[in-house]
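> Attaching a single structure in structure tokens format; questions to follow.
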Amino acid sequence: MSLAFCGNENNSLAYNVDRGVLNNGCFLDALNVVPHIFLLFITFPILFIGWGSQSSKVHIHHSTWLHFPGHNLRWLLTFILLFVLVCEIAEGIVSDGFTQSLHLHLYMPAGLAFMAGITSIIYYHNIETSNFPKLLLALLFYWVLAFLMKTIKFAKYTEHSVGLRQLRYCITGLLALLYGLLLAVEINVILGRRYLCFTEATEVKPPEDLQDLGVRFLQPFVNLLSKATYWWMNTFITAAHCRPIDLKVIGKLPIAMRALTNYLKLRKAFESQRGPKWIWRALRQAFGRPLIISITFRFLADLLGFAGPLCISGIVHHISKDNRTIQPPIKLLGVYFISSQEFLANAYVLAVLLFFALILQRTFLQASYYVAIETGINLRGAIQTKIYNKIMRLCTSNMSMGELTVGQICNLVAIDTNQLMWFFFLCPNLWAMPVQIIVGVILLYYLLGISALIGATVIAVLAPVQYFVATKLSQAQKSTLEYSSERLKKTNELLRGIKLLKLYAWEHIFCHSVEETRDKELTSLQTFALYTSISIFMNAAIPIAAVLTTFVVHVHISEEADLSPAVAFASLSLFHILVTPLFLLSSVVRSTVKALVSAQKLSEFFSSDEIGDEQEPNATMPTGPSNHKTIPSCPRNHNNKYQAVVSTQLSHNVLRTLCFLELVESVVITSGYFTWTDGTPTLSNINSKVPFGQLTMIVGQVGCGKSSLLLAALGEMQRGGAVAIPGGDTARQDALDCVSVEVCEKRGSVAYASQKPWLLNATLVENITFEMPMIKPRYKAVIEACSLQPDIDILPQGDLTEIGERGIILSGGQRQRIGVARALYQQTNVVLLDDPFSALDIHLSDHLMQEGICKLLREEKRTVVLVTHKLQYLPHADWIIAMKDGTIQTEGTLKDIQNSDPKLFEQWKTLMHRQDGEFEKETVAESMTVLERKNLRRAMYSKEAAKTEEEHEEESVESEVDDSLSQAMRHRTTIPWRSCGVYLSSAGLLLPLLLLSQLFKHTLMVAIDYWLAHWTSHVITAKMDATGRNCTVAQVRGVGTPVAYPYRVFSVLCCLGIVLCLVTSVAVEWTGLRVAKELHHNLLSKIILAPMRLFETTPLGNILNRFSSDTNTIDQHIPATLECLSRSTLLCVSALGVISYVTPVFLIALVPLAIACYFIQKYFRVASRDLQQLEDSTQLPLLSHFSETVEGLTTIRAFRYESRFRQRLLEYTDANNIASLFLTAANRWLEVRMEYVGACVVLIAAVASISNSLYNHLSTGLVGLGLTYALMVSNYLNWMVRNLADMEVQLGSVKRINGLLKTEPENYEGLMAASQVPDGWPRQGEIQIQNLSVRYDTTLKPVLKQVNAHISPGQKVGICGRTGSGKSSFSLAFFRMVDMFEGRIIIDDIDIAKLPLQTLRSRFSIILQDPILFSGTIRFNLDPEMKATDDMLWEALEIAQLKPVVKTLPGGLDAMVTEGGENFSQGQRQLFCLARAFVRKSSILIMDEATASIDMATESILQKVVMTAFADRTVVTIAHRVHTILNADLVIVMKRGIILEYDRPQALLEKEDSVFAAFVKADK
């Protein structure tokens, strides 16, 4: 075929210019080439050579500064222009197909125009980001020329009667309009930026975000193409492959997305709304606009989604043999013109249109998702900030009276804000679903007639069933959660008491208890799995059932029914589209209901009582309108000695006040009534004054209102009465006038230490300095005053150790001293201390009183108000306030009270004397505090080995060696196949069933569709035969194959498919259940049998996490992800297989597409995992900050640190939100790319199958089949990668559990069988220790070295020594809890190393230092084995002096013990442990510092009991108070793992150089 611009046919009219050149079609096309050539020649040198001087470029961090007017409109018009130009090229090619020679002028100008269009937008983008507006002149000339040329062409077409019926006429008109609009946009830039025709250009500055180097989330700032394809994320995602993503990498949020900005927007909306549904109206006002954009995008995407089935129908219809009629085109102006109908009848045109429709549909869909999710995240941040601001102004009474708990508030933050966010995510579905269903049903009706309605009815009828299943799923999940919580509670108790359980050989009893709860949980999980499998089954089976019903009815309704491949496969695609919204319906409805409930909860919370007006989270932001009138502070006499600012707010005629001020000299409360609720006042008739710069003590009995008085002073209570400031009647009247008006808060900061110590989740030094600058000398003085240095020395990182909820667990006394240290460190004029000595022993109290309060605070002349029960400190007080029953009994100096109330003074004197007596009794050597430190040291024991998995990962990443870094990076990019193997191997015999059912199901799915192709092609052949024989289709059917045969086979295949769907869905869930059961059982068994070393070197939280979050992931998440992954993978594989079978040439194109997919998923998986972990890790500090604030609300408000805490909240919220936004953008990045790859698959498959059909006579049914499967690939490709990424994260749980499963258990077997051990052993209780050496681990040094001892039957032996001397190791050796690598212990002639471990431990009794009780009955706590009778239990309780206590309890022995025995005192708990030891009646009792944490009275009871009840038994006592073993028969003194002294106590005391004697002297 020859080639020429205007064609070279004989008598060609294309060269005829008799009527003028402008009347020649070819010349008009040639004229249109000019503008494009001009632009390409002008812009290419500028683009490729560079800009030359960069002087006018504004230097900013990002090259995304888009500041020319009409920016987005230009991009939009350019996209439309490019699409219309593609249509023009296609129209030219189709028109040219009717001639012998090629007419280049029909499509070459359009091709050049397409190149010029792309060049124009690239050129514009470079100029805009480089800020060179003058270079836009080239574009101005181009638009003018292009507009003129197209207008001339359009005018000439109109003149020669070319009309709307010809497609080229419409395209030319449209192009003229687009060029005109682009010209208008260009002129608008000139007017906006004034770079031409104006003397001065407009100066513009980049937005603040782009000038900030920290802002790296660029979605709001990039151009339209980058926005749509997330192109700006490329560098971010590829960089993640080389370096892990952390908060530094993702940077800060843009200002418009920050929590503060969104909060201000929400607050403004809240203030303008009132009425019943005000919260919804406010949310709509604040965040409705982006939601409408999201819904619009969703509508467009859903409408474009129907292009797929329609194009398939058109393509198959076009290439079917009965449809190849070609009408000759019309020839005008020497050029051929075709109509739009003829254009759209071309199969190749439809293939290209399908490609563009898919690209657009996916782009709009992802844009809709992104906008909805971004809006939801912004909303969540705003509501969380709103909740936090509300917390800051909550009345403390709401908390103390139980109206609001920390748990409820945390639920509002963690659950309810997320419910609203999810509602916003799913909101576009709510509007789009009805449209999708209506359009789908109309198109089905158009294709199939009445039978389509029957198929749609099948789907509609099954939709409520789906909703019912979803509801049941939700219920099953709730019940599973309840059992899961109960199991976790039991597991937590088991792990916390593991030492006791091992020592008493009770681990199997508790293990069985956990297993029982786990069985209940698994029963609930079975229900959950059943409904999940029904849901999966319905998802897969409903389309098959609908298609089967429709096609069978369609064939039966009419004998002439035309079930051609075009109709069949278009219908098949439509059914798949139609099923999606109906499945979404259940989750959307559930989400809506939850959102309504959450909104109601939030509404109630926002309307609860508060103190003060809503303040800005950041002082730099402008203040919004307020409903409250504010006036300056009260008028006052400035010459007055007593100056104050009273701050009050009127609420329900009850006033709240803040009356302690930073510059207060004295405050007088006159007739003050303070109450927590609107009921009876807690404090009444309060008349008091606090002198400036002096120590005021508030004393009184428990519950008399001492703490309430402090809180009233801090403004935490509702107030009635009047506060008067002394200094004359005028001042008093002024103050009273002020009380009646609302006044803004002016009180300064007050240092306050609450009764219940409150710690931040921060380092110890941050807890003490509390936002104040570090002043080293002051800090040291405070540490010394609070005796914190010894505690700091024990901590792993000293005062930089993390404490609080997520850090090291401290004792009550340590926590209290840190709280007091915080108050002392602050440089405020007023210090309020609420019972700071309650958890401290007498030495510490004394030291704190002398060094901290009397010395440090007095020297600084600070006003100190101290609430205390320690009356011996009253002589130190300058002023005393004595409280009784909510009123002030008396006040004054100690001398005043001695004179005015001698009776009260005498009472105090008696109590003071008694407390001094106690002081004398208290030991000096090893007080409570020393023991606290010892416990802390034990908790820190072998911290080197206690590496968490996170630390291991950090070490591998941050290692200095490059090799290990690259190795860690390689590890991050590989899928954990080993964990996958562990998971699947745990499934046992269910694994082959799962694999076979999945393979059979997908094979059958392909078979169904293949048979449909065969059947429909057969119908077409029959129709052609009928046409050839001049008879009806029915007659041909009668001659050929029976009509029933094809659809019977189809029906059988469909029914088999439905059955296999059920089998696979059940197999997946049951496999998941089996694995969950197996892994948890193995984990629990391993943990129970693990040596104590594991629990000492692994943080308890880590082990507990394996049982909680990791087990939950394996129980509920992995099966669903596995099902999704296998389904999407097999669908993609089967689809690619079918396309390759239909058109083998597709395999060539598959290679580059597969390579593209591989790299996309490789980069995405790494980034996705990092971002998921980052999102989870940023959520913890946020939730923790909320609970921390609620618990320390009074302290924060006293210190006046609200703004600082608000600022911190904003930082936490923004950190969590930016991680969520980056994760969303990464997901969209993946989906856009995968769906574009899918669109390419569709285009290649369509073009290849059309060519194959036209030239190789491929059956039309197979073409339809290939195209339907190609569409499926585009749907499931991104699901495959997303599920692969999720699976990778979730398999981390299996990996962590598998790590614990590798733990070597203790050797429970012995050389002797349990039956060989005599029944009553040990009867005598004789102990021989021969050359014994012991260590905690094979890698550690020995803690006992070649110890020899002999203990006779019934002897009472005391072991003493300094901390770390090996006393406890000595006791643990009897139970083989440590590694006895040398020597032996012989008890009653049997070497304990030969005994089975369970038998050995069950024959001894031990009382540990920490009393451990378990939740359950008292009976269960004394005898979990249920061997003892009631009489034996009562006898044990009587011996332990507990019988009267237990008798009074409801239920007696069956009375409940709460978790940890919290409903009993420390002393009572220790006595229960004694009773427990007595119940066992073993002849050997070991007491490991059993009296360390109890008071003197309880200790004396315990010692008496041991001497009498255990008189005939061997008792080994490890003592910390040496006087407790003075009555022992034998004393062993230990030092550094060896026996230093070994004799009777009297003999040792007589020796002058005896270490024991030195201990006894120190203990007196």
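The backbone N, Cα and C atoms fix where each Cβ goes, glycine too.
Keep in mind it's a predicted model, so treat the numbers as computed, not measured.
Relevant sequence annotations retrieved from TrEMBL are reproduced here:
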{"type": "TRANSMEM", "residues": "33-52", "note": "transmembrane segment"}
{"type": "TRANSMEM", "residues": "73-94", "note": "transmembrane segment"}
{"type": "TRANSMEM", "residues": "106-124", "note": "transmembrane segment"}
{"type": "TRANSMEM", "residues": "136-154", "note": "transmembrane segment"}
{"type": "TRANSMEM", "residues": "166-185", "note": "transmembrane segment"}
{"type": "TRANSMEM", "residues": "291-316", "note": "transmembrane segment"}
{"type": "DOMAIN", "residues": "292-594", "note": "domain 'ABC transmembrane type-1'"}
{"type": "TRANSMEM", "residues": "336-360", "note": "transmembrane segment"}
{"type": "TRANSMEM", "residues": "452-470", "note": "transmembrane segment"}
{"type": "TRANSMEM", "residues": "528-557", "note": "transmembrane segment"}
{"type": "DOMAIN", "residues": "667-910", "note": "domain 'ABC transporter'"}
{"type": "REGION", "residues": "943-963", "note": "region 'Disordered'"}
{"type": "COMPBIAS", "residues": "951-963", "note": "compositional bias 'Acidic residues'"}
{"type": "DOMAIN", "residues": "993-1288", "note": "domain 'ABC transmembrane type-1'"}
{"type": "TRANSMEM", "residues": "1138-1160", "note": "transmembrane segment"}
{"type": "TRANSMEM", "residues": "1236-1255", "note": "transmembrane segment"}
{"type": "TRANSMEM", "residues": "1261-1281", "note": "transmembrane segment"}
{"type": "DOMAIN", "residues": "1327-1561", "note": "domain 'ABC transporter'"}
> What same-chain residues lie close to the transmembrane segment (166-185): Cβ under 8 Å, and 6 or more beyond its ends?
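Contacts of the transmembrane segment (166-185) (Cβ under 8 Å, skipping residues fewer than 6 from its ends): 70, 73-74, 77-78, 80-81, 84-85, 87-88, 91, 95, 113, 140, 143-144, 146-147, 150-151, 153-154, 157-158, 330, 332, 337-340, 343.
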> Is it the case that the transmembrane segment (73-94) and the transmembrane segment (33-52) have 3 or more CB pairs under 8 Å, with pairs at least 6 apart in sequence?
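These two segments do not touch.
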> Between the transmembrane segment (452-470) and the transmembrane segment (528-557), are there three or more CB pairs that fall under 8 A, provided the residues in each pair are separated by 6 or more in sequence?
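Contact confirmed: at least 3 Cβ pairs fall under 8 Å.
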> Averaging the per-residue pLDDT over the domain 'ABC transporter' (667-910), what integer do you get?
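The predicted confidence over the domain 'ABC transporter' (667-910), as a mean pLDDT, is 76.
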> Same chain, outside the transmembrane segment (106-124) by at least 6, Cβ under 8 Å from its Cβ: which residues?
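Residues packing against the transmembrane segment (106-124) from afar: 5, 29-30, 32-33, 35-37, 39-40, 43-44, 46-47, 68, 74-75, 78, 81-82, 85-86, 88-89, 91-93, 95-96, 136, 138-139, 142, 146, 175, 335-336.
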> Taking pairs 6 or more apart in sequence, does the count of Cβ pairs under 8 Å between the transmembrane segment (1138-1160) and the transmembrane segment (136-154) hit 3 or more?
no
